[in-house]
Every structure is written in C-alpha cells, then in structure tokens.
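Enquirer: Grabbed the feature section from Swiss-Prot, which reads as follows:
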SIGNAL    1-19  signal peptide
CARBOHYD  25  N-linked glycosylation site
CARBOHYD  82  N-linked glycosylation site
CARBOHYD  107  N-linked glycosylation site
CARBOHYD  131  N-linked glycosylation site
CARBOHYD  201  N-linked glycosylation site
CARBOHYD  236  N-linked glycosylation site
CARBOHYD  261  N-linked glycosylation site
CARBOHYD  264  N-linked glycosylation site
CARBOHYD  277  N-linked glycosylation site
CARBOHYD  361  N-linked glycosylation site
C-alpha cells in the first residue's frame, strides 16, 4: 500500500491520542504495553478469519514475515512471562513447516527465497534456545526444524558463480535468482553460528566461517564493517549493490556474537565490536533507530517497515552473547524503546504504531501495517528481553532434540548436486553416516 496515504487526515484525527506509556524497568508495565502492540499485530493475522491459513498474515504480508512475527511474539513471552499467545505461536510454527518439515510448504515453494526459509529457521532455533514448549513426540522438534533449513541451504551453496554464496531465490523461474543477497547469506551465517553453539558441533561453525569469509571476500562486508545489500552473478559479483539495511548488519552482528560466544576468539570479538560500532553510527539519530534508506523519504515498502524490529532483536542477542557490547547497545535500545512506544498513538484504537520513531515527540506519523507493529513490539520489549533472555544450549539444559540429517531426504532433485555430496562427506568426516548409500532421483 502507499506509505503516504492517509497521513494528513490521520495526523489531524489522531495526533492528540495519548502514546503508550511504559516503564521499561517494570515487567508488568512492559507486559501491558506490548500486549497493546501485539493485539494490533494480530489484527493482521489471517488465521483468525474464515478461510484464513494458520500461521499466515493478511496480504500483502509475505510468508517470511509471518515467521519473523512469531519470533517477536515468542520474545514477548520470554521478556514478560506472559504465555497468552504461546499456543498460537507453537501451532503456527509447526503448521508452516510444511509437509516435509523443512519450511518448504507446497503453497510457497515456487515463490520462496533462501532468506524466507532462513527466517523461519532463525525462529525455530530461537524456540530451541528459549526452551520453548516442545512439540509432541510425533511432531518435528525445534532443533530438528532448524537443522533441516540449514542442511537444505548447504546443498544450495553455489560455487559455480562468484565462487560461493547463496542465491536470493531458490528456483530459477523467480526474479532474483541471479542475485546473491546479503540477507540470505547473513541469515544462513547466523543460523549456522547458533546451531554450532546449541549443539557444540564444529561442522556448523565451519559453515559459519565459510559464509562469513565469502561475504567479506566478495565485498558484502566492508573493512569498516559496513554491510551492503548484494550482487548479481551476471558479472560474477564484481559490482556490489551498496544499499545499507538495518537487518543486514544485524544478521552479521548477532551471528558474529554467537561465534564469539562459541569460540572465545579475539577475531570474532573484533568483528562484533566493528559491527556494533558501525550500527550505532549508521542507524541511529539522536540515539533512536531509523532506516536511512527509506524512512526519511517515506518510501519504505510493506516489509521494509519491519526491518528495524530485527535489528533491535539482533542487538539483544549480540549483547547477550558478547556482553562487552552491552554498554554501547543497551542505552540505544532503551532510548529507541521509549521513542517507539511514543509513536504508538494512532489509528482508531489510539495505539496503532508508526514508522518514524526518531520524531520522538509522542506523535503518530499516520503509517500503519504489520511491519510497523512488529518493529514496535521488538523495540519496546528489547530492554527487558536483554535482562530476561536465557539462551540455552544442549549442554546446559536445552531440551529440544534434533536430527543432523533433517531435510536431506526431502531435498528436491535440483539440490542433488555436488554440494549435496559435499554435505554428505562433511558429516561423515565427523563420524555421522547420515545418508543412504544411493540417492534415488525421480
């Protein structure tokens, strides 16, 4: 929808609504504030409407955005202890995992990108790390689902073009198939890093290193930790699209923090510090987060309004995994949370959230949608989440069970390439004889 529609009228009608008031140090206050925002978010939930799909939101919301939204509601539970939406979150994550429990559901497979699948993978690894209520024994488990996403994406690692990297799109018929973008590779990197920490398995860490090194070598990650958007294989990734988005740097920053936590390496510590400093310098105006590419010009599209929410989430993960970043990141999260709450004073309900938090004057900008609600939810709960989040792993109480072979038996024919063989050999080197001797192609 147009981001300029209704702005003037809305400003006149709703500019005097009272903004959401929240004491960020009080759990009950944050619970109340985020319940208002979460209720607004669920106004866009398709599953509550006749004929709607479980786990999906109303058009024009994208499938990947639904996965990210459930992660936000999961984080609300972790921060506040309020379990109101837990069953909905759990049901949605399982239903959308698809017929083969790999986040390739038949309704979306032909239009799905690697970034789309990866965001669902990040949601289920979040569930595993939080010790979220485990599915029944006859259902796929959170860790298993994350492993399925990882394994399938390894089979798509494309060394024939640009000497590595994931393409944006999975199928060649989709626009963007010839583009290797940062969000796909950054999400894969973070997922690998988190799986390494949760399972204490170096195979995942090795793939995290591969993804990071390739991203750096190709120019997605610059020497000063600027993170650009991607590149086309048509010129062998020699020309970089230099757009900078909040969620791209967040993906790499949090992934680097997980790798630091897993390895205690000074190399990863330096990288985390670099990303954190670049984030603070690039994406904050007077200590309040904003999206420079589109926010000032009011040109953010429907999903771009959600990107800031992911950066706040990833800042929390970063400060958790690499506590030396907390003195820099926590004050930014606090000031952003206050400003985001102040921007939730619009619409007919008086608590609809806008985009331009940097106004910081308890005024709604007239913009609304799923992305606005998602971002505000993540921002408002972030300071409390930082204090509440306990990131489990298998060795310290993480109860989710996995399957290192998940997702491989169901990989489409197009995945049965040299990378599939590379993955098989990689696991076998660690003593996992995971694949059947003969891969039957239909």
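For all residues, glycine too, the Cβ spot is worked out from N, Cα and C.
Mind running through what each feature is packed against?
Expert: Residue 25 (N-linked glycosylation site) has a Cβ environment of 11 other Cβ atoms inside 10 Å. For the recorded site, residue 25 (N-linked glycosylation site), the DSSP three-state label reads coil.
According to its DSSP assignment, residue 82 (N-linked glycosylation site) is coil.
Listed in sequence order, 53 are the same-chain residues at least 6 apart in sequence whose CB falls under 8 Å from the CB of residue 107 (N-linked glycosylation site).
Residue 131 (N-linked glycosylation site) falls outside any helix or strand according to DSSP and counts as coil.
The local packing around residue 201 (N-linked glycosylation site), expressed as other Cβ atoms within 10 Å of its Cβ over all shown chains, amounts to 18. The secondary structure of residue 201 (N-linked glycosylation site), as reduced to three states from DSSP, is coil rather than helix or strand.
In the three-state DSSP scheme, residue 236 (N-linked glycosylation site) is classed as coil.
The 10 Å shell around the Cβ of residue 261 (N-linked glycosylation site) contains 23 further Cβ atoms across the protein chains shown.
Taking Cβ-Cβ distances under 8 Å and a sequence separation of 6 or more, residue 264 (N-linked glycosylation site) has no neighbours in its chain.
Around residue 277 (N-linked glycosylation site), the same-chain residues six or more apart in sequence whose CB sits under 8 Å from its CB are 225, 328, listed in sequence order.
The number of other Cβ atoms within 10 Å of the Cβ belonging to residue 361 (N-linked glycosylation site), over all protein chains shown, comes to 10.
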Enquirer: Given the glycosylation sites 131, 201, 236, 261, 361, find the one whose Cα is closest in space to the Cα of residue 82 (N-linked glycosylation site).
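Expert: If we rank 131, 201, 236, 261, 361 by Cα distance to residue 82 (N-linked glycosylation site), first place goes to 131.
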Enquirer: Got a sec? Which of these glycosylation sites, 82, 131, 236, has the most Cβ atoms within 10 Å?
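Expert: For the glycosylation sites 82, 131, 236, the Cβ with the most other Cβ atoms within 10 Å is 82.
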Enquirer: Which one is closest to residue 361 (N-linked glycosylation site) in space, judged by CA to CA distance, out of the glycosylation sites 25, 131, 261?
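Expert: Spatially nearest to residue 361 (N-linked glycosylation site) by Cα position is 25.
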Enquirer: Between the glycosylation sites 25, 131, 236, 261, which lies closest to residue 201 (N-linked glycosylation site), Cα to Cα?
Expert: 261
Enquirer: Which one is it, among the glycosylation sites 25, 131, 236, that lies nearest to residue 261 (N-linked glycosylation site) by Cα separation?
Expert: 131
